[in-house]
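So that you can see what the record holds, here are the features copied from TrEMBL:
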type: BINDING; residues: 10, 11, 12, 13, 35, 37, 121, 123, 202; note: NADPH binding site
type: BINDING; residues: 122, 148, 149, 173, 196, 209, 214, 215, 218; note: 1-deoxy-D-xylulose 5-phosphate binding site
type: BINDING; residues: 147, 149, 218; note: Mn(2+) binding site
type: DOMAIN; residues: 4-129; note: domain '1-deoxy-D-xylulose 5-phosphate reductoisomerase N-terminal'
type: DOMAIN; residues: 143-226; note: domain '1-deoxy-D-xylulose 5-phosphate reductoisomerase C-terminal'
type: DOMAIN; residues: 258-372; note: domain 'DXP reductoisomerase C-terminal'
Ligand code: NDP
Ligand code: MG
């Protein structure tokens, strides 16, 4: 039996992970964690019978506890609950599918407890990659990418042991506003930005995809996962999302992974690695597809991407500021407190005033996050 803990089980990646688990007879769910959606969490508990369930809010945890009193499941709350779910003794692999930097402590706790990690929560690697990568090596656990681009790169590297990567070609759909100028984007509303052309995802990552901040986070994620420099990661816009990413080797050969856009593939691949298992779903039809188009990214009208390169190259605590400023700005945009273009302005301004700490500890990362939030609150 593959014993799996899912952090963020009620979200887009979390629910798809549970669908994968349902389709594989040998997968057992041992722990679930969510923010506040206890209605869905209760259904998941009844179906998958984990030993432990964690809810962020204490009040909701109490409500859930009463609702599942007939079952043999422990209910915990807050950061302690999230860490308990990440370290629950029977799980072998933890799917980190919470959204945002909240994932740092539970991911570290899971690694320390010797669990393999199926990583969806890119914000954790972006902000704490310099701590997590050495820890993964020290503990001898696996860090398996769930993000579709990184799973593609990981698949391209299969059987390439020892062969050095010359360049990673990270593909991007360009989002719903590809081709627009800043002037044409200034009145974008929340509902417009929540429509992604190819993928159906959680709200935060959908906004991040539209601003290209998601691609920026992914460049930094690739740097940590595959041990390359920022300049070795080239973003290639490929609007159909057919090629999920590519790797160029030193002899000029390029390997690519292609497929229809379905997150269940990278999720199942991470859970079953190195095995490939059958999966239902649409297949690529190259006769119908006819062509695959490529474009350069538009750094000028989508400054989130250039700011990410700056943050990733500088390193230290700057990626944390980039990420924290984006998390707060996106939440303000979703709550209709700021305009669309202000998201990138906030990130830029927060980065400009920050004094970079090289090699920050977890506490310093969380302090830089706090300071960034305070700064944004004082100005917007
Ligand atoms: P969603 O917003 O759909 O889901 C987020 C999940 O995190 C929910 O289960 C939510 O619970 C839970 N959560 C939020 N805050 C807390 C908290 N404080 N404590 C415990 N749980 C919490 O996000 P996605 O699934 O889209 O994304 C998850 C991660 O995966 C992100 O880092 C994203 O960048 C990454 N990712 C997502 C992809 C996708 O296709 N969706 C693709 C590649 C990467 P609740 O529902 O109760 O609020
Ligand atoms: Mg991705």
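Here the Cβ of each residue, glycine as well, is placed from N, Cα and C on the backbone.
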Neighbour count (Cβ, 10 Å) for residue 122 (1-deoxy-D-xylulose 5-phosphate binding site): 28
Spatially closest candidate among 10, 12, 35, 121, 202, the listed binding-site residues, to residue 149 (1-deoxy-D-xylulose 5-phosphate binding site) (Cα to Cα): 121
Tertiary neighbours of residue 218 (1-deoxy-D-xylulose 5-phosphate binding site) (same chain, Cβ under 8 Å, six or more apart): 122, 147, 149, 150, 170
Annotated binding-site residues 12, 196, 202, filtered by Cβ under 6 Å to ligand 1: 12, 202
Binding-site residues compared (10, 121, 214) - the one with the fewest other Cβ atoms within 10 Å: 10
Shell list (Mn(2+); ref centroid = CB of 147, 149, 218; cutoff 8 A): 122, 145, 148, 150, 170, 214, 215, 221, 222, 245
Rounded Cα separation (Å) that holds between residue 10 (NADPH binding site) and residue 196 (1-deoxy-D-xylulose 5-phosphate binding site): 20
Across the domain 'DXP reductoisomerase C-terminal' (258-372), average pLDDT on the 0 to 100 scale: 98
Binding-site residues close to ligand 2 - of 10, 12, 147, 149, only those whose C-beta is under 6 Å away: 147, 149
Spatial neighbour of residue 196 (1-deoxy-D-xylulose 5-phosphate binding site) that is closest, considering only the binding-site residues 12, 35, 121, 202 and their CA atoms: 202
Cβ neighbours within the same chain of residue 12 (NADPH binding site) - under 8 Å, at least six residues apart: 97, 200, 201, 202, 205, 263
Around the Cβ of residue 147 (Mn(2+) binding site), the count of other Cβ atoms that are within 10 Å: 27
Conformational class of residue 202 (NADPH binding site) under the three-state DSSP mapping: coil
Neighbouring C-beta atoms (10 Å sphere around the C-beta of residue 196 (1-deoxy-D-xylulose 5-phosphate binding site)): 19
